[in-house]
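As recorded in TrEMBL:
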type     : residues  : note
COILED   : 1046-1073 : coiled coil
COILED   : 1326-1395 : coiled coil
COILED   : 1459-1511 : coiled coil
COILED   : 1543-1577 : coiled coil
COILED   : 1666-1714 : coiled coil
COILED   : 1749-1783 : coiled coil
COILED   : 1842-1869 : coiled coil
COMPBIAS : 1-28      : compositional bias 'Acidic residues'
COMPBIAS : 59-68     : compositional bias 'Acidic residues'
COMPBIAS : 69-105    : compositional bias 'Low complexity'
COMPBIAS : 106-121   : compositional bias 'Acidic residues'
COMPBIAS : 820-834   : compositional bias 'Basic and acidic residues'
COMPBIAS : 835-854   : compositional bias 'Acidic residues'
COMPBIAS : 1168-1178 : compositional bias 'Basic and acidic residues'
COMPBIAS : 1186-1201 : compositional bias 'Low complexity'
COMPBIAS : 1216-1242 : compositional bias 'Basic and acidic residues'
COMPBIAS : 1613-1636 : compositional bias 'Acidic residues'
DOMAIN   : 262-507   : domain 'EML-like first beta-propeller'
REGION   : 1-136     : region 'Disordered'
REGION   : 155-174   : region 'Disordered'
REGION   : 708-741   : region 'Disordered'
REGION   : 807-859   : region 'Disordered'
REGION   : 1156-1252 : region 'Disordered'
REGION   : 1607-1636 : region 'Disordered'
REPEAT   : 467-486   : repeat 'WD'
REPEAT   : 574-615   : repeat 'WD'
Amino acid sequence: MAEEGEEVPPPEAAKEEEEVVGGEEEQASADAVEGAGEAPTEEELQLQRAQSAVSAQQEAEEPQEEPQEAAPAEAEAAEEAAAAAPAEAAAQGKEEVVAAAPAGAAEEEAAAEAAGDESAGDADSGSPAEKEADLADEEAAAIKIQAAARSKATRKKLAKEKQEKEEALSQSHWAESGLPDDRYLADGYYKRSQFDIDASIAGSNVAGLSLKQGLGFESTKRHNTMLVEDDVLLYSTGKFLVLHKYSLGTRLYLPSLDGGGIGSFDVHPSRKYICVCERLEPALIATGRTPNVYIYEYPSLRIYKVLKSGTERAYCACKFNQLDQGATLATVGCYPDFLLSVWNWKEEKMILRSKAFSQDIYSVNFSPKFEGQLTTSGTGHIRFWKMAGTFTGLKLQGAIGKFGSVEISDVAAFAELPNGSVACGTENGDILVWDGGFIKTFFTLPNGEPCHKDMIEVAQICKAKDNSQYLMTGGMDGYLKFWDLKLLMELESDDDAGINCSIAPAKQALIECPGRPGKKVAIKTVIEKGKDRYIIQDHNGAIIELAARKPKDASSDASEGTLELSVSSSKAIMKCHSGNIVGLMPSPVSHHMVTAGEDGSVRVYNYTQDTTKSLFEISFPVPATALTGVPKSSDPSGRIVIVGFEDGVVRVLLRCLDGFKTLYVGKPHKDAVTSACVSPDGSYCVTGSKDKTLFFFSTKIPLSDANGAGAMGMVEEDGSDQAKSEDGTGPEGAGTATNDLEFKPLAYIPTPDEVTTVSWHAESQVLLVGCTNGDILEVERPPLDVDTFKTFETQCKTRFYDFQKPKLKKPKEKEEEEGKEEKKGEGDADKAEGADDGEQKEEEEEEEEEEDETSGYPVREIMYVTDKDGNASHNFYATFGGKAAGHMFLCNVDEDEVLEAIPTHDMPMTHLSYSHKSKYLVSGSTNGVVRICSLDSEKTKDSKDESGKLSDFVEVGMHGGNVSCVATSFDESVIITAASDGSCFIVKNFLEEETVESRIKIPKAPSVPLPTMLAEERTQTSEEIVGKEHYSIEEAKKKTDRDKKLSNAEAKKAALRDKVAEIRNAFQALLNANKSKEDVKQLNREEFLIDMNLQEMLDKNLASALNEVELEEAYESEKGRIGREKLQQWFFDKVEVERIELHAFKSELSTSTFRTTKLPPAVQEELDAARKEAQTKETEEEAKDGAAMENAAAVEAPKAGAGDRRASRTTQSEVQDSKAAKKEDTHAREVEKKLNKQEMRREQRRKRDKEWQVFNKTKPDEKFENPEDVAAIQTAVDNMGDFKLKSDPNYIAPEEERTNVDKKRRQLHLLDAKIHGIKMSFNNRLLSLRDLKKDLIAQIDESNKKLTTLRKDLKQSEELFTPKMLPTEMPELRYEVSNEEVAEFLNKAKESEKKEGLGGGGFGGFGGAAKAAVAAKKGPSIGTAAKVHSFAKKIRRSSLAGERRYSAIAEFRASDVEIKEMLLQKRMLQHEIENIEDQIKNSIVDFDKNLDKLRQDKFTLQADLKMAEIRRIILVKELAILKECEKRDNLLINKMDTKGGEKKDIIDKIKSCTEKIEEKEGEIHKVLEKKNKILSEFDSLVEDGSTFREQLQKIFLRKIKRHKKNAKRTEDFDSEEESDSEEEDDDDDDWDEDEAEEICPPGCDQALYEKVCDLREKRLDQEEIDVELKKQLETFNKERESMKKKQNLINQSVKAINEEIISFQKEKQAKLNEILLVVTLKMHQIEYLVESKLPLNLTDALVFPKTTLRRLEERVGELIEEKAQLKQEQKELRKQHKQMLRDSKVKEGRINELQSKARDIQLLKFGQLIDLDLLDKMGVNKTTEDLKANLLRQEKQFIHDLAQWNKRIEGAKRELADFTQENTNYLNMLADLTSSQRQIDLKLHSTQNELFTNPAAQRKKEIAARDHLIEVINVQAQQIDALKHEINLLRHKSGKL
């Protein structure tokens, strides 16, 4: 028993140790026997275990007490192992099969049998049988005692080993359970719970799962292996970082905290910290979270520092800086930002950041010698970084390495050399040395081959024992090479390129996989441990430790060449799959599993032991794609696996003890096998493929073997005796079963698309098939006797299921809907935006629906539904990809709609299956998440729907890729998962209930004795398939018949050829015999022709064959012609000028045209529009210039005395005033004669007042500023002191310089047009020069003809210069074929025929004879031609000699004159020849000069065109950026236009309102003038001294009640009364109560009184008009103020939009500034010097145009001149100001003097100061007198009119009295009737209430009635008073109603 407090190991752990011990012993014994060439038997294995136990006992010196540290399970296992052999010896009478690997079960059974026998012996004794039993009992007792003694020694040894192991573990700083607890962290450390997004993988428990083992690692990942201690490795697998102490075999799994896995990691130089850069879970990208960099303290693994916001999604590389002892850290992000960040990680601060590149980055490293330098490399680049200080601070500046003439390559590894240069490897295996961003040296091997035969993945500097330095490189070719650093740095190239060098490695080693000789490793990472020991990461899925040392017999001389290192002590620390694990299959009877991967290997693991290595494996050259097993009913041991491969091959493998046997190999498909499945009854196997086929195999697996074991040599799990017969051979009749496996191709059916998954129904009659296009098929299996005589293709009964995705709402959509409901109360703008968002989402949903309809949903997984008892229904689960992901759908083929949608993984599902015992439903998805659903949970037993039944689940994400397979062990105690990233995890299933028995007793695995590979139980039935070109089963069947026919035809042809050859030989023998005869006896070749008609027949046949060939080739000819036309149309129709070369006559110079395409129609239209616009603009500018000149000459406004805004509005009024003044002057001159002097003076004063008013109006406002001065000052402020650079962050592009897509596209089109124009201009020049060459060649041909004639006359013969046009100069003639070319082609064809042999061919040899005859005819002609040629030479020589003789005779006979004439003629001819030759020579020289000049011009144009093309690329990039910004730009412009329109409208309204206000003010002013005029009339009418003035003035100013003039009376009397009452109410406040008593004052003239009343009426009329106008004015003012407020709001909006536009323009300009501009500079243009030298780095330089610089310099001088001029003007203005001040003082003095003089005159004349205006009023006013006379006349007329009106009024009064009397009578009658009615009513009421009469109440009623009558009388009295009042009013208003 364990001590108190000691942890009891779980049953699984004990079982694991038991299996480990047994497995090691068995493996050792198996290895020993295998070395001898024989397989060990079970008895031998047991005897070996017993011998090991005995040896252990002998080693023990003395027996000791059993150590308490030993676990009981281990002791029992050891005891059973020691007692196994004697127990087996005691039970020899029984033949029992015992398992080889797990020995514990067999030993327990042996001990139990021994104990049973002993107890049986005790029960029976006495008989012989009893004696034998006693002897057996004694024997068993002795064996038991011996086993007990041995078990003590064994337990002692095991305890000692365990103690040593625990001590080693305690010294290793960490154990497998050693993640720190957050609860006990010290200050300064982070808790994991702060960052862990998935709490399920934070610790040892994984969401109900306990991580037991991990299999594999990402071997294809670069830098995925590092050492943190001498025996502790770091590598990543899945979402874990593994710390593997391989010396002890322990591993610690550090989970990813950001959920996406491990991006990269690095170890601090001090090995005290580990940097882990993570990937972010894809689902969290939308939340805005970014992955972190975690710095773990080692060995405590506490989170020490956290670096945040270094990239968006994931990190791909990181590295500590070795130069500063790891104080800084560099990290690089993945897509989409690729950010390079440099950190001060201890302070958790980012120092620098920059975008590393636009593609993947593989590596980053600091310079080991130069501070502030880094290097990064990756896809197609290497980049050198420097932390440089700029005027804005420290920045990262990166120089991309320029490959130049070297092919661009991916760079995975690099190393900095001691001299600062950088060496790197390429994907081709070359080594490049870089210096300053350029390739310094390109290294290859001396034989010209690359340094490695594959990509170089490792490059680092290492030191040897003698301190010599090497560059160590490792490649995917398996070589580890060491290069001498000194040679690498010193070697220089001797070739023209200047970079190519050859070098041989100083030493090298070929690394092979341990245990697999000849298999090279693919080196991915190399770790140098020292003492020539290395740890290598193999791309093929291994981590290898080895030693590469110099061989002992090697020479010490390094000059002998490359030293081949010896590799020793090679061992694999880790062996696993490389890449995707496509499938796994756990054993149904033991803790073993089979896995298959894309690396082509199939492996076997014991997942209870160390999973760093497989037990054994088998590899194939093609990646595996599918793996499945055979149902347990057919293969109880689960040893048969079926593997599908990428080339369409299917292999059936048998798992043995030490390897696999191949039982079947076939190729049913042409493409990759995607799925495979065996029917539940084991009679069918089906495979699906990408070639859109489904292939059926008929399978037959025997249930038992002859030896009594199962199909795989196993005993049933129950182990009962019923499974055995008496002889131990198994069940009766089983021994006769066949031992052969039947796996026969049956048939295949085509499918609508690629097959993704298949699933059999439990009854094995139908199966489901899923396709990538979303189709689901239910296929009935074909019969076993299907007809496949001609083809394997058949038709099966198939039903299609049309999946229709139901409308499902995701949780995110629900949240969005809830959020929208909460935001309903927001403003109009938000509502509009929400509406836009809603419309956009609706459109997106419609688009998604359209996409789904067109693309469908790819079927991911499909499976029939079964319960835990294995009963299957026809319902099935289906999962899909695309938009249907996230749910598992319950469907039925007979139902059109989905039965139920079950929420599952958020991402598409990649695996779905039941567990081994169908208790769980396991699934996996593309994001690495695994889900385990309990099917018999107590929580869900009452659920009716599938969603409820599957609601009890556990979900965990451990993998970094697609989950390829999820399975449970045979006892469902563990769950095994595998993924595409190569990771495989074995986790404990905590959903499995743990019973008391399972805690006490270790579960037993069934005994499975596996045969070895040498056992002859299975043999391969098919040949191995090698190569993808192998026929598939269907192709082989179809092509077999065809091949037979071909072989028969070839046999016939061969027989015919043999016969023809025999005839030819016989004919040749005849020819030879003929030649051997004498000449006389020889026959001619023609005589061999027996039948002359035969040759004619052959010729006819040949002609007909030729005709037939022509007809056959007519189609090909026409096809070729049409194809040529199409090619010409495609390649040449768009070309305006193709490439035409033009060569010189004499020199080798040549030049060519620019290949120029035609301008696109859009560019041509843009060009025409630009030309028209330019012309229009020119005409408009000319018109504007002319109009401006005319206006400037015609209008010159005075600058002085400029007023404010009111001054501009009063100009017209001033003009009108001046006109009015002129009229008044003329009127004054007319009246001047009639007025006296006093009136003249009064008029003069009035005139002077008006002049003063006009003058005061011209006085400028104190706040007035000259607009010209303001504009000039603003211009100066805007352009003062700087030159705006577009790279300035605060640069704001002027509005006229702002660009958009249309402007940029127009620039691009204009640039294309300009480039086209330049090219066409040059091309036209070259074409004209080509035409000149044609003319010259024609002239030279004519001259040559003349030269030939002249030289013939002179008897001269010289070679003439005959130039021709080359084909490259006339490419347009490529389709014209000349006769010479046809003849040349025919000659070549004839020559090829001549080269063929003369013998053979023809029918029966006669054809050969005919050819020989023809050859004979042609043969002599050659010799004859040679003879004729020699004879012609002789004749020519003789004729020349005769000519010479004749000329000599002629010369001898000619006279002197003739001789002179002949010489003169000769000289003339010679002179003409020389002239022609000179002319030809000069023409050729001139042409060559022109060509040379054109060639030089082309060089210049090429440079210009290259710059133009670069400019075009820049414009294209700018256009792309502007297109991105176009939407926002247009939105802002539309906003600005809208606000501008609103602003314009409001300004127009304000202007209109202002005009109305001014108009009303003018009207008010006129009304005031009229009122003043009325007052003056009253003053003139009633003088101040009048006695009635006060009374009349009171009457004049009294307010009286007046009727409105516009009041309309309606016919309805009631409405008239209401309107009158309203008017009375309105005027009650202004009405004077004394108005009713208003009468003419006593003694006053009645006419005067009436005139005053009339004036009062006029005054009141004007006052009413004034009030109405003021009301309107107030309304307009309010309207204007409201509009001004709106204008302010609009101005604010415009300002905000303008600021937004400016911000957007800055942003757009910043994006445009990111585009690199190329500027070609010459050395004299560079004026940026540092210490009088040109710096190497020009990044701080500024490219500035010289013209602009000169303009700025000139502007400085202009500003100085302008300043001086302004100073001079200011000085003059000051002088003028002083002079004006002096003049003002003089004027003021003069004014004071005149004022004092006027005061003195008034005092002298009047004795006091008087008011001159009052004096004018007191004087005689002639106008007043005239007005009085007119007034008297009008009064008389008015009195007469008034009398008439009085008469009318009297008549109206009488009528009114009559109507009133009548009305009164009616009222009296009404009152009488009313009273009588009341009396009657009272009587009725009194009658009814007589018995209940109340006197008090009756009295009250009477009082109320009386009061009512009083009120009626009062109302009538008021009406009478009102009528009287109205009558009085009518009396005093002159009869006006």
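The chain as shown is numbered from 1 upward.
Using N, Cα and C of the backbone, Cβ positions are placed for all residues, glycine too.
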Query raised in the report: Could you give the number of helix, strand and coil residues in the repeat 'WD' (574-615) as assigned by DSSP?
Result: 0 helix, 20 strand, 22 coil
Query raised in the report: Out of 1326-1395, 1459-1511, 1666-1714, 1842-1869, which stretch has the largest tally of CB pairs under 8 angstroms to the coiled coil (1543-1577)?
Result: 1666-1714
Requested in this report: Just give the helix, strand and coil counts over the compositional bias 'Basic and acidic residues' (1168-1178), going by DSSP.
Outcome: 11 helix, 0 strand, 0 coil
Requested in this report: Quick one: find which recorded stretch in 1459-1511, 1666-1714, 1842-1869 has the most Cβ pairs under 8 Å with the coiled coil (1326-1395).
Outcome: 1459-1511
Query raised in the report: Tally of helix, strand and coil residues over the repeat 'WD' (467-486) according to DSSP?
Result: 2 helix, 13 strand, 5 coil
Report summary line: Given the repeat 'WD' (467-486), its same-chain partners at Cβ distance under 8 Å and 6+ residues beyond its ends are 413, 415, 417-418, 423, 425, 429, 431, 451-461, 503, 505-512, 520-524, 526, 528, 534, 536, 539, 548, 565
Report task. Residue list, the compositional bias 'Basic and acidic residues' (1168-1178) vs rest of chain: Cβ under 8 Å, 6 or more residues beyond ends. Result -> 1306, 1310
